[in-house]
Amino acid sequence: MSSNYPPVTSPWQPDGMLLAALSAVALPMLLAPTVSPTSTFFNQLCAFAGMALWLGLWVGRATPVPIRRMPGALRGLLLLLVMLIVAQGLTEAPFGQRLMPIATLSLGAALALAAGLSAQSGRDDALWSGLLVALLAAGLLSVGISLLQVFAPTWTDGVWVAMPTTPGRAIGNMRQPNQLSTLLLWACAAAVWLSQRHRWFLRELAAVLVLLVLADVLTASRTGMVGVLMLAGWGAIDRRLPGRVRLLLLAMLAVYALGWWGMEQWSASTGQFFYGDDQIKKTLHGDPSSSRGRIWANTLALIAQHPWTGVGPGAFNFVWSMTPFPDRPVAFFDHSHNLLLQLAVDSGLPFAAAVLALALWVAWRSRAAFTQADDLRAGGARCAAFMLALVLVHSLLEYPLWYAYFLLPTALMAGWMTGLVPPPASADRVGELDAGWRRPPTLARSVCGLVSALGMLASGWAAHQYYTVAVIFEPDVSIGIPEALPQRIARGQRSILFGHHADYAEVTMAPQPEQVFDAFRRPLHHLLDTRLMTAYARALAARGDVERSRHVAARLREFRNPASDAFFAPCQAAALPASGAAAVAASVPFQCEPDPRWPAEAMHP
């Protein structure tokens, strides 16, 4: 085992960094209030602003580390993030809709750099320990939220605890059961490492793990079920963990099974619904997730049509919605629900292959971090690797990394793990290392400080911009007497980041949408739904672009959404016998005519 890295020399003590960690990591996952049009806006804004502030505090206290000693794995990770940032800029999406992913990825890269430098110093684990304490706090508080959502749903108010959308299923305050399950399993991993760092009694760790795993049962998440298997797998393969801890992790399989059985018995005895029963039936009878399977098939077809450069980041929903897919799932997807497929369909197979190859290289170069002599450092690397594996497996089934409150902690974990890679043996001289620690990495700290400052300023700007569109949908949040709706829409359309929501309101409410045709561009790049597709088809037809309006109508019909029944109702009348061919031709509405099957690229406004 490699021994050329100094052990952690100072005990971690809670301070202002911990409060910042709780605000940046735990609070975003616990916020319940929402304001339309984006249900997770407060959660994501809190994560972005909190992480920017936390990064700034780190810059002010960071242990100096020479850049020349940055491990190759950390350099590779930063290169990977830069590639993703550049890819987000190479798209035809409206400028404002490119800014948010670019800003979030940039903050993620800065956090990865900061965590890597902290890990490299061997003297400061405030970022890593703060992250784990915050995740554990969020997980334990989410246990209480889950209990209320399943057993006392009438006590939920949408302010402190999100109201459950599905009876008998915990969704957390993030309102997504799969995200809740990943948080709970992250909290399990955090508890394992913290128990080693602070020498907990085994019974304390056992109590925490049992609570978290039983709450995972309440999510009825199949992703969470896989996560519990991975938790047990960690206990089975990690020989550096104490034997009793390994047995405890393996025992979580039995805890999960007993919890599931207990919920079934509770449901049978009380008549209350447990969503897990439905999940098992769906898994045992046919496709375990038919919508997901069909969106994957559709995505593969799009990749085959655009193999080299993809459809462009942010364009998936538009291109998929405008491409003929008679077997498409009926939901309006803006993501393929698979990270690798999404990279390929967005930016092409060569780019996806390059990102995957670089990620595998980073993982390979990180392996030395798992075998170093210092148990605390090796344990931290293994814990980070397990947590990264959890969220990456989740990302093969959904898209948690498209949420700032998952992406930013993930970047920090990856930076910490790659920063723990020991330096070359040639540098294994304490005097040389100590001299190196004293040389400040001016460039790295300056970059992190700049990103932190810009991130905090951007958070305030984004909050103001969101307010200008929120009042369109919820006038009650207006400061003072609300303006008339046309004025609120006009003000919201000036928002660079969220103006597409105001455009959506204008085009879907306009009696004659062709008169506001220019306003279609931004919402069409955000998310197509029944109202938007109906308005777009009517606008095209009114402008004399009947062929393209028929194409939009044909695509809308494929979604089989009941909300479009009124739009297609004239087709039933047109199908009745008529007195003459001319009368029939004149009476057939455009949405009832044959599908011309235009290419999706030709369907932009």
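Heads up, the Cβ atoms here are built off N, Cα and C, so glycines get one too.
For reference, TrEMBL has these:
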| type | residues | note |
| --- | --- | --- |
| DOMAIN | 170-194 | domain 'Protein glycosylation ligase' |
| DOMAIN | 207-352 | domain 'O-antigen ligase-related' |
| DOMAIN | 387-557 | domain 'Virulence factor membrane-bound polymerase C-terminal' |
| TRANSMEM | 41-60 | transmembrane segment |
| TRANSMEM | 72-90 | transmembrane segment |
| TRANSMEM | 102-119 | transmembrane segment |
| TRANSMEM | 131-152 | transmembrane segment |
| TRANSMEM | 205-233 | transmembrane segment |
| TRANSMEM | 245-263 | transmembrane segment |
| TRANSMEM | 339-364 | transmembrane segment |
| TRANSMEM | 376-396 | transmembrane segment |
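Within its own chain, the transmembrane segment (131-152) has Cβ neighbours under 8 Å at 14, 18, 21-22, 24-26, 29-30, 161-164, 168-173, 180, 183-184, 186-191, 193-194, 208, 211-212, 214-215, 218-219, 383, 409, 412-413, 416, counting only residues six or more beyond its boundaries. Non-local neighbours of the transmembrane segment (41-60) in the same chain are 16-17, 20-21, 23-25, 27-29, 31, 33-35, 103-104, 107, 110-111, 114, 118, 126-127, 130, 173-174, 403-405, 408, 445, 448-449, 451-456, 458-460, 462-463, 466; each lies 6+ residues outside the stretch with a CB under 8 Å from one of its CB atoms. Residues 48, 51-52, 55, 58-59, 62-63, 65, 70-71, 74, 77-78, 81-82, 84-85, 88-89, 125-128, 377, 380, 404, 407-408, 410-420, 441, 444, 447-448, 451-452, 455, 458 of the same chain, all 6+ positions outside the transmembrane segment (102-119), place their C-beta atoms under 8 angstroms from a C-beta of that stretch. Comparing 72-90, 205-233, 376-396 for CB pairs under 8 angstroms to the transmembrane segment (245-263), the maximum falls on 205-233. Proximity of distant same-chain residues to the transmembrane segment (376-396), defined by a Cβ-Cβ separation under 8 Å and at least 6 residues beyond the stretch ends, is recorded for 5, 7-8, 119, 122, 125, 128, 132, 178, 182, 185-186, 189-190, 192-193, 196-197, 223, 226-227, 230-231, 234, 238, 240-241, 338-340, 366, 369-370, 406, 410, 413-414, 416-417, 420. Sequence-distant contacts of the domain 'Protein glycosylation ligase' (170-194), counting only residues of its own chain at least 6 positions beyond either end whose CB sits under 8 Å from a CB of the stretch, comprise 29-32, 39-40, 43, 129, 131-133, 135-136, 138-140, 142-143, 145-147, 149-150, 161-162, 164, 200, 205, 208-209, 212-213, 215-216, 218-221, 223-224, 227-228, 230-231, 234, 241, 245, 249, 252, 379-380, 383, 386-387, 390-391, 394, 397-398, 400, 403, 405-406, 409.
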